[in-house]
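Asks: I have a structure here, written as structure tokens, and I will follow up with some questions on it.
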């Protein structure tokens, strides 16, 4: 079993694997984009965008199960890659990955981080979100994800970034990434403004 921990979505975080019922981490010695690529593909998260070390996503606990991992990048899973089982590492060297299917959000141009135009980081670039399907459900999911309480208003803006994302949430999901989304499809965005939100909380 393999998972990513400490990131902002299931496609970003510290690499942890399970061995004989115990979860452990991977040391960042020799950790690179080819190794991260195998992890991202194994988790159906696309390709690797970054392969950060130095416990970027926090220090793990438990044993350090792999060191000097040397994937070529075509392996089906991390177990197939040559690696050292002995190590001279500590958890401050835990390896992480950021995959292309990772999504994170920010609000820009408002009074603080809890108000403004909705922007999403996806496949290595920031994009705007289309207003055509931006209702209270979608706005509420985002406000709560950002720790900003609930939605007060949903203003519309103009698109100023090249990419466009559309979200449709049938119910209150834990994050917009778990709703139905489409990226850079023109039809739902045609003549639509960019989504904005004003949440009732304030950025701490």
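Backbone N, Cα and C define each Cβ position, glycine as well.
I grabbed these lines from TrEMBL:
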DISULFID  71-81  disulfide bond
DISULFID  169-179  disulfide bond
DOMAIN    2-100  domain 'SRCR'
DOMAIN    105-200  domain 'SRCR'
Asks: Could you tell me which of these disulfide-bonded residues, 71, 81, has the greatest number of Cβ atoms within 10 Å of its own Cβ?
Replies: 71
Asks: Give me the CA-CA distance between residue 169 (disulfide bond) and residue 81 (disulfide bond), in Å, as a whole number.
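Replies: Residue 81 (disulfide bond) has its Cα 39 Å from the Cα of residue 169 (disulfide bond).
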Asks: Test of understanding: give the count of other CB atoms lying within 10 angstroms of the CB of residue 179 (disulfide bond).
Replies: 19
Asks: What is the interatomic distance between the Cα atoms of residue 179 (disulfide bond) and residue 71 (disulfide bond), given in whole Å?
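Replies: About 33 Å separate the Cα atoms of these two residues.
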Asks: Let's check the environment of residue 169 (disulfide bond): how many other CB atoms sit within 10 Å of its CB?
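Replies: Its Cβ has 21 other Cβ atoms within 10 Å.
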